[in-house]
Amino acid sequence: MKINKISKIIKQVGWKEALAVIILLLAFVFFRSERHEMASIGPELRNADLYWILSGAALTLIYIALQGLMYVTSFRSTGLDVKLPDAIGLFLKRNFLSIFLPAGGVSSLAYLPRNIRTKGYKSSKIHQASVVYGFVGLLTVLIVGIPLIAYAVFINKNFGDSWIGIAVLTGVLVLCYFIFISFRRKNAAYRFFEKKFPKIINSAEEIFNSEVDKKYFWLTVLVSIAIECCGVFHLLIAMYAFGVPASFSAAAISYVVSVLLMIVSPFLRGLGAVEFSLTFILANFGYSHSDGLGVTLVYRFFEFWLPLVLGIISYLWSGRKLFARVLPVFMIFLLGIINILSVITPALADRIHILKNYLPLEAIHLSKILTLISGILLLVTSANLFRGSKRAWYFAVVLTITSVVFNLTKALDYEEALFALLTLGLLLYSRKEYILRAKRMSIHRGFSRFLGIFAIIFIFDCLAFYFISENHFGINFTKEQAVYYTLHTFLLFKDSGLISNTPFARDFQNLNYILGAAFWLILIFSFYRMNIHKEQDDSENSSNAENLVKEYGNSSLDYFKLTQEKQFYFSEDIHGFVAFRTANGFAVVLEEPVCPENDKTDLINEFDHYCQKNNLKTCYYRVDESGLIHFNPLKKQKLFIGQDAILDAEKFSLTGKDRKSIRNGINGLEKAGYKAEILYAPHSENIVEQIKKVSDLWLTESDKKEIVFAEGMFDSETAKFQDLILIFDTDRKCVAFLNIIPYCAPDECSYDMIRKTEDAPSGSVDLLIVKLVEYAKIKDLKYINMGMTPMAGMQEPSNAAEDALQFVYQRVGSFKSYQTLRNFKEKYANTWENKYLVYNSDFDLIQIPASLNKVMKP
């Protein structure tokens, strides 16, 4: 009983999750166990000859390039073309993963980075290329290893145990060849796999039965032998670098033994064993223990640590756009904090003493004030930089440059200046990420408001100084003095020499400082003031959009592009429009533009520029796979979000074993006196009232809320002019309904709402769908679009976001309703059409869910 429970728990956890935990634990073990070696690398490298260290590093780059070339030839042997930069990235990432995966050298071959997955290659071909790569890697170790181990035994070195590694490797290669032949001839091994693993037999058969180009296969072997030679030369260079006598035979034999240990080791690629064995072998060739260990550490730096670091960089480089977008914002914010803290904390006395020899005290004091102001402005700038404002980027650059200068001139704070320079470099690198612009009218309007506020505050301050009683400051202010002290205490935050004689005077001075801070903040906000896109409310626009849908519409979503919450963008040059809704700084577009097919890319580009001028980013929701071609020239990114279910009405029939449950359900309903009817628009008030009551009950009983944008909310006036399918009970009371929407793709119909009361019998929805098929046949329509099933139907995730969506869909309980919806539609659907979210950058993807949630609310 307990065993069964444990088995159920294991099944629920899943092998992927278990593997992830194992990888994390092994990573911890790896870095914990290797901490001494990592700590030893630095001192050993410092003691080594720099010329040979640089030579070894250069050879590492050649080694990595050869690994990439080996992938290129492996892929070519199966008929696939992979570019060398992509192949190098593939090696670096697989090499990094192989450290932590069980049997990493083999299991890491299953990993494919996004740039390979998105090329559209057949998965069986990709796996076949990986098999060729792995097989050849083992084969060349055998080719190089056998003569070297034989030589070692011949010269009476103590390497008899190395034959175990050679024997194991030979056995693995023979087994692989036997399985290959068995799959080709369909004998013992094939039948075993067919019986035990029936799910993988088809894909495995495709891999083994495909032909391999012999020319590229043997070219792969030659490249792999060159890679083995790099390993040997790395050990030789390590000997020269450490200043010990170099021995080719010692280097060659040591390398082969270390590779054999990495192959045989199930975890962490020979963790610990490689270091021990290399030191032991070198000792057999007459090297001292300390020399052997030093050579080993330098060799490991070339062959292991450098590729590992480059693998980490390769992973980070994949997310460089997101990194470059977020990091400058954080750095600008941090620089603002640093500037403020550096002003309010005491400066170093010796630096101030040096600075006084070159700058007057007035200049030093002014630098402190301007550093403080720039710090405050940088904090405000970071918030606008986060939104992607181009003006914020310009301000950030100017304020960063001033931070460099003023940090040096206020107290020779070169640390802060260097940090500002680093921030400036990041800003320049990420300059293309900031695209949102404000119109000149918006700037003028914001600056005009600022001047008005400034004039009011300035006049108030001057009058206050002029009329203030002499006993507060001991001065009877003239007009000139009133203006002078206003500028000094309000604009520059400078100590004007005024002495407060009364509590009122102290409060008045504090008020001036507060007004001064407010002045600078208002100034910066006036420059950042963006024009706000106003929603349109024009019946003429709605009419024009409807006419364009009638002329160019070819999607089941065209109807929802006309609903009342939509805004419209009409092109000046193209006969078409874009339907969208704004939220959180995004213009969320429903599907694609409505216009001639050849003009869609131009209209998308035009709308993107319009949004940039209006301080809006864009994303396109529920784009069909066939429509992605219009976005490709604009270098946008895509995210799989679900599939539309398409029912073939012409081929649909209730006969057959597959439709037995539907048939029985409908027969049961009819025997109980329920009847489905097609009602053509317009409808009587009684019918509209009945379906409204059903809709209200459905919302209440199901605890649901109306959503819009890609769906419609119930509206009595709209429903009155739509064809309906209703289910009546024996008392002629409506218990369920379906509304049929206009403006679909050619030869297609679709519905918006299927709603029923809680006491409606099971099978009601099936009856509505079957009646809709009857409606489609009456109208000579071939297909029924049953709408999108979110997150379902993903075959192979092409990025990290899709991996996350697939995990959530399969494992998170709150998303089980999507699986239920998928199961229902699978009873009817003949084909499935992929739907995507199209967006500009990974950083946008973080913000889009909140925008989508907002636009879907009425």
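Every residue, even glycine, has its Cβ placed from backbone N, Cα and C.
Annotations in TrEMBL come from automatic prediction, not curation.
Per TrEMBL, the features are:
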DOMAIN    548-839  domain 'Phosphatidylglycerol lysyltransferase C-terminal'
TRANSMEM  12-31  transmembrane segment
TRANSMEM  51-72  transmembrane segment
TRANSMEM  132-156  transmembrane segment
TRANSMEM  216-240  transmembrane segment
TRANSMEM  271-287  transmembrane segment
TRANSMEM  299-317  transmembrane segment
TRANSMEM  329-349  transmembrane segment
TRANSMEM  369-386  transmembrane segment
TRANSMEM  393-412  transmembrane segment
TRANSMEM  418-435  transmembrane segment
TRANSMEM  447-468  transmembrane segment
TRANSMEM  511-528  transmembrane segment
If we skip the immediate neighbours and take only residues 6+ beyond the ends of the transmembrane segment (393-412), which ones have a Cβ under 8 Å from one of its Cβ atoms?
328, 332, 335, 339, 342-343, 347-348, 351-352, 354-355, 359, 363-364, 367-368, 370-371, 374-375, 377-378, 381-382, 384-385, 420-421, 423-424, 427-428, 431, 434, 524, 527-528
Please give the sequence-distant neighbours of the transmembrane segment (329-349): residues at least 6 beyond its ends with Cβ less than 8 Å from one of its Cβ atoms.
368, 371-372, 374-379, 381-382, 385-386, 396, 400, 403, 407, 410-413, 416, 419-420, 422-423, 426-427
Tell me, roughly as an integer, the mean pLDDT over the domain 'Phosphatidylglycerol lysyltransferase C-terminal' (548-839).
88
May I ask for the residues of the chain that lie six or more residues beyond the transmembrane segment (51-72) and have a Cβ under 8 Å from a Cβ within it?
45, 82-85, 87-88, 90-92, 95, 129, 133, 136-137, 220, 223-224, 226-227, 230-231, 233-234, 237-238, 240-241, 298, 301-303, 306-307, 310
